[in-house]
Amino acid sequence: MGCNCTKGTRPDNDNVDNSNSIVSNVNVKERRSKPKKTPKKKKKSKSASSSKDNNVGFEERSNDNKEASLTLLIPIDAKKDDESEKKVNLERKSSRLVFQRRPTGIEVGANNIGTLQQPKMTRICSVSNGERGAQVMAGWPSWLASVAGEAINGWIPRKADSFEKLEKIGQGTYSSVYKARDLETNQLVALKKVRFANMDPDSVRFMAREIIILRRLDHPNVMKLEGLITSRVSGSMYLIFEYMEHDLAGLASTPGINFSEAQIKCYMKQLLHGLEHCHSRGVLHRDIKGSNLLLDHNNNLKIGDFGLANFYQGHQKQPLTSRVVTLWYRPPELLLGSTDYGVTVDLWSTGCILAELFTGKPIMPGRTEVEQLHKIFKLCGSPSEEYWKISKLPHATIFKPQQPYKRCVAETFKSLPSSALALVEVLLAVEPDARGTTASALESEFFTTSPLASDPSSLPKYQPRKEIDVKAQEEEAKRKKDTSSKQNDSKQVSRESKAVPAPDSNAESLTSIQKRQGQHNQVSNSDKFNPGEDAASFRIEPLKSGTAKDGHTRYGVSSVNRNGENVMMGSSRSPRKELRTQRSFVQRGTAQLSRFSNSVAARDGSHFAIANPRWFEDSYNNNNGRQNGGAWSQRLVVKHKEFTKHKESITVNGEKKERMHCSGPLVSAGGNLDEMLKEHERQIQLAVRKARVDKKTNRGDNRQTQAFLAANGR
C-alpha cells in the first residue's frame with residue numbers, strides 16, 4: 001500500500017468525483033486524522049505498499065494552521081466486484097462533520113492508478129448566462145444574445161466590411177434583399193436585411209424563429225442560411241444566402257417566355273420535394289408564392305423567405321394566426337379566420353402556382369379579403385353544410401353564402417392537360433382534408449405520365465429576372481403612358497382654344513363661359529400665345545391638380561389656394577368687357593387678356609362671380625387697388641409701352657412636355673422684373689407707414705373727442 005503525504009496550503013477544488021469514485025470529506029481532530037505510517041516531519045513524503053493491493057494511495061496535505069488533508073485513492077478491480085472507485089478526502093476545517101460532492105480533477109490511467117491533475121476551470125453561472133457571455137465575446141450584440149441565443153448558438157458573426165453591396169433585388173414586408181459580393185470568396189450572395197425598431201424583443205424573437213427554422217432545414221430545394229452579419233453596436237442584421245438569378249414570378253410574367261408541360265412538371269416537382277422536407281421537419285412555410293420560389297442559372301428551384309414560417313405538431317393542435325399567406329394564394333379557411341390548420345395551407349398555395357404556370361397569370365387576384373373569398377367560392381364552390389358545422393370558423397356567420405356556389409374548376413381550366421387538371425382539382429379543394437399531402441401529390445398521374453419532368457440542367461437558360469424587375473418595368477410603362485396621355489390632352493385643348501373669338505369681338509356670352517368651365521380639369525387651359533400681341537408669357541411647371549378652389553390671383557401670374565396649390569392662369573385673349581376685373585393693370589385701349597386670365601370665376605366654378613363681374617371687380621379693388629392711388633397702373637402702362645416696341649417674342653416655348661404658358665405681368669424681360677419687385681416692396685413700406693400715421697391720427701381724434709365730451713359733462 002502506497003501512501004503519499006505532503007503538507008502545505010489546502011486546495012479548494014482539488015478533489016472531484018467521476019462516475020467511478022466517491023468523495024467523502026470528514027473533519028476530525030489533528031491527533032486522530034494522522035495515520036500511523038505518516039511521518040511526523042513536515043514537507044516530507046514517503047510511500048508504502050500493501051501486501052493485499054499495491055494500487056491504493058493516500059495523500060495528506062496540511063497548512064500552517066495545522067490543518068491536514070488526507071486523500072485515500074482506492075481503485076476498483078472491475079473483474080472482482082462492481083463497486084465504483086472511492087476517494088476519501090479528510091479535511092480538518094472544524095469539529096463539525098461535513099459531506100459534499102465535488103467535480104474531480106483526477107485522471108485515471110490505463111493501470112487504474114489515480115494521479116492528481118490541475119483542476120479544470122468550471123462555469124459557476126447558469127448555462128444560459130454562460131452561453132450569453134460567450135456569444136457576446138464572440139461578437140454578437142447583447143440584445144440578440146439575450147433574446148435569441150438559441151438561433152446564433154455555435155456561430156460567429158460575419159463583418160459587414162467583408163461584403164460589397166451591389167443592388168437591391170427584393171422588397172418584403174419586414175425586410176429588404178440586396179445583391180452583394182463576398183470579398184473573401186469573391187462569390188455573389190443575397191443579403192436579407194432585417195432591422196429592428198427600438199430593439200423590440202418580440203421582433204427579435206420573430207426574426208430568431210426564421211433563423212432557427214432555416215438552420216433546422218437542409219435540402220437541395222430549400223434555401224440554405226450561410227451566415228449572419230451583425231456587430232455589437234449594430235441595430236440591424238443581414239442573413240446571408242446563396243444568390244439566385246431568378247424567381248418564378250419574374251420568369252412567368254416575362255413576355256415571350258412560355259413554359260412547356262415538362263418544364264412546369266420540373267418546377268412543381270422540386271417545389272413539392274422542398275415542401276415535403278419542410279413538413280417532415282414540422283415546419284409550415286405559410287407564404288408560398290412565385291416570388292418566393294427562387295431559381296439559379298441551372299433552373300434549380302429553392303424555397304425562400306421563411307419569415308412567416310412556423311413550427312407545428314400534427315397530433316397536438318396549437319392556435320396559429322390566420323393573417324398569413326399572400327392574399328392571392330391564401331386558402332379559404334384562413335380567410336374565414338381559422339387558427340387550427342396544418343400543411344394543407346401550403347398545398348392550396350401550391351395549387352394556385354400550378355394553375356398560374358399553365359395560364360400565365362394569377363388565377364384569383366383579389367384586392368380585399370372579401371373579394372378574395374368571393375373569387376374562391378365562384379371558382380371552387382362553397383363548402384358543404386357539414387363543413388360549416390364541424391369547422392366552427394370564426395367568420396363563418398359573416399361570409400357564409402345564402403346560396404351555395406357551384407364548383408367550376410374543370411370548366412375554367414379546360415385547356416389544361418387532364419393530369420394537371422386532376423391535380424389542380426385536388427389541391428384547390430375548399431375543404432382542407434381533401435387536399436392530400438405532398439407525398440400524394442408527387443405520386444399523382446401528373447408526374448408519372450408522359451411527358452415526364454425535365455431535368456433542370458436541360459431547361460433553357462434565361463437572363464436574370466425577378467418580380468421586382470417586372471414591377472419596375474410596369475411602373476415605367478405606366479408613367480410613359482400617363483405622360484403621353486397628358487401631352488395628347490394638352491394638344492387637344494390647344495386645338496379647341498383656336499375657336500376663341502377674335503380680339504375685336506364685343507363680348508362673349510355667359511353661356512359660352514359656363515361651357516368652358518368643364519375644362520378646368522385639363523392639364524392646360526391656355527392657348528399658344530401670339531408673340532405679336534401685347535402681353536408676356538412665362539414657362540411654368542404644370543399643375544399637379546387641375547382643380548383650384550378658393551384661389552385669388554394677383555399680378556396676373558398665380559396665387560396659392562387654401563390647400564397650398566398653385567393656381568395658374570390662362571394666356572388666351574378675350575373681349576374688352578371682361579377686363580373690368582383688371583382696371584388696376586391696363587387702360588381700356590390695351591389689348592385684352594384671356595377670359596381665364598386673372599379670373600378666378602372660371603377656375604373655381606363660381607357662377608356668382610361670372611354673373612356679377614362687378615362684384616369681383618369691387619372686391620379686388622377693395623383689397624388690392626388702394627395702394628398709392630393707382631401708382632401700379634401708371635407704372636405698368638409705361639412698361640407696357642416699352643414692351644410693345646419689341647417685335648420678337650419673349651415667349652419661352654421650350655419643350656412641350658409637361659409645360660404650359662400662362663399670362664404674366666405686362667413688363668418687359670430683363671432687370672425690369674427686379675425693379676417691379678423693388679417698387680412692390682416700396683409700396684408695402686409706404687402702406688405700413690401710412691397705417692401707422694392713420695392709427696396715430698385716430699388716437700388723437702379719439703382723445704380730442706373724449707376731452708370734448710368730458711368738458712360738456714357727457
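Numbers here mean position along the shown chain, with the first residue as 1.
For all residues, glycine too, the Cβ spot is worked out from N, Cα and C.
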Stretch carrying region 'Disordered' according to Swiss-Prot (options 99-120, 165-186, 649-670, 693-714): 693-714
Candidate from LYS192, LYS224 that Swiss-Prot assigns to the same ATP site as ILE169, GLY170, GLN171, GLY172, THR173, TYR174, SER175, SER176, VAL177: LYS192
Rounded distance in angstrom between the Cα atoms of THR173 (ATP binding site) and ASP287 (active site, proton acceptor): 12
Rounded Cα separation (Å) that holds between VAL177 (ATP binding site) and ASP287 (active site, proton acceptor): 17
ILE169 (ATP binding site) CB neighbourhood, other CB atoms within 10 A: 21
Binding-site residues compared (GLN171, THR173) - the one with the fewest other Cβ atoms within 10 Å: THR173
Largest separation between Cα atoms (Å) of residues that the record links to ATP, namely ILE169, GLY170, GLN171, GLY172, THR173, TYR174, SER175, SER176, VAL177, LYS192: 15
Cα-Cα distance linking ASP287 (active site, proton acceptor) and SER175 (ATP binding site), given in Å to the nearest integer: 15
Cβ packing number for VAL177 (ATP binding site), 10 Å threshold: 21
